[in-house]
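Visitor: Below is a structure I'd like to ask you about.
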Amino acid sequence: MKIYNTLTKTKEEFIPREPGKVYMYVCGPTTYNYIHIGNARPIVFFDTVRRYFEYKGFEVIYVQNFTDIDDKIINRALEEGISPIELGQKYIIEYFKDADRLGVKRATVHPKVTEHIPEIIEMVKGLIEKGYAYEVEGNVYFAVDSFSDYGKLSGRDLEELKAGARVEVDEKKKNPLDFALWKKAKPGEPYWESPWGPGRPGWHIECSAMSLKYLGENFDIHGGGADLVFPHHENEVAQSEAFTGKPFARYWMHNGFITVNQEKMSKSLGNFFLVREILEKFPGRVVRFFLLSTHYRSPLDFDDKKLNEAKAALERVDNFVQNLKEVNPLPGEARIEIQEKITNFLRDFNEAMEDDFNTAQAMASLFELVRFGNTQIASGNLTAGDKKLFEEALNVYTQVFGIEFGVLEKIAGEDITPFVELLIEVRARLKKEKKYDLADFIRDELKKQGIILEDTPKGVRWKRV
């Protein structure tokens, strides 16, 4: 398996720290608002990475944190008239609602910053003792000059960074690039007691302290969005390696941005979309399919047209799965030619995933499987053994992509299946009673809502369009 490592700027063979285990840390959301579609990309992608490792037989220790205290949370809490701790907890609950609908599994651990203050304080103390950090008037800063490898992750030169620094001038700092490990409490803000007086952690130290606690030194994979490479992940590397004297994470993976009309998504441009707003129009599995349809390091342009294309592509798979369920196969074992074809599709799938998790190419193998499967069903030669092989192959894609195929849709969290089936039953009774106008009215109204009824030898089927 090869992974593109941001640290070395090359694809490298993945060799885990411990055979049979993968230790992963992915930066989670700052809990001051609902997640947007840009947040959803790393959440879904790294969930898929975790799923693939598990499919290959690895035990995955997966940590995704919550930053539940920072300036944005404090400001939002003031607006909402609740405490920052309450606000953080509120949006953690809302995060899980959205993540569940995107098919995201719970991490092994979801640590919160507010529950790891002692570990953070110990790490800050250690950095001061080792000469990498200094305290000024209740604030503690990391001295970037003290760490000779500063810039190695992002590829930035420290002297050039100093020359072009647009950092807010702070006379307390020795160097404008020095970053806060501990912030002195301001009036009215939450605070914790520390050796430097009341205060709270800086942003970067949180992830270092929590990843070292749960994954240990020199863990396997650290992931996040490309926007975190500098300064967040660069600062994590500096403070962690200064603290332990050992390499931090071994493989750094970063997903590309989501754009809207080729522009970066931002609130100021008004092209900012919350996941739950999108889920009002599209099922979670369609959104997940869309997010995995492009290689994770490439930019991904977002609009309704592309989501509709993802929906149509997913329906092709759904229709095949439905046809496979309904076909009455011939008795007999799987045919050799079918075994060989399906083995080839799964080989292509594995090769794509092992080449830096190329989900787009892996999906192409799924559609090859679907095309071939449809021809076999149409031929009338499908055996019971053939059918079982197709079902087993589909289970692999479901397991890794985290998408159930052939299921009836949910919109805005509501399962419409019982309502549609009730209307189908009412329509059937109306037709028996020769009330064809009313039966046609139900069919036509459902069509207006995007639901098509199809008469088949086994009864009426329905699907979305």
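The backbone N, Cα and C atoms fix where each Cβ goes, glycine too.
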Visitor: Write down the single range among 259-263, 264-268, 354-358, 444-448 that appears in Swiss-Prot as motif ''KMSKS' region'.
Guide: 264-268
Visitor: According to Swiss-Prot, which stretch among 29-39, 326-336, 337-347, 370-380 corresponds to the feature motif ''HIGH' region'?
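Guide: Here Swiss-Prot associates motif ''HIGH' region' with the stretch 29-39.
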Visitor: By a simple count, how many Cβ atoms lie within 10 Å of the Cβ of GLU236 (Zn(2+) binding site), its own Cβ left out?
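Guide: Step by step: centre on the Cβ of GLU236 (Zn(2+) binding site), count other Cβ atoms within 10 Å, giving 26.
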Visitor: When the motif ''HIGH' region' (29-39) is classified with DSSP, how many of its residues are helical, how many are strand and how many are coil?
Guide: 3 helix, 2 strand, 6 coil
Visitor: Taking CYS27, CYS207 as the binding-site residues to compare, which has the smallest set of other Cβ atoms within 10 Å?
Guide: CYS27
Visitor: Averaged over the whole of the motif ''HIGH' region' (29-39), what is the pLDDT?
Guide: 95
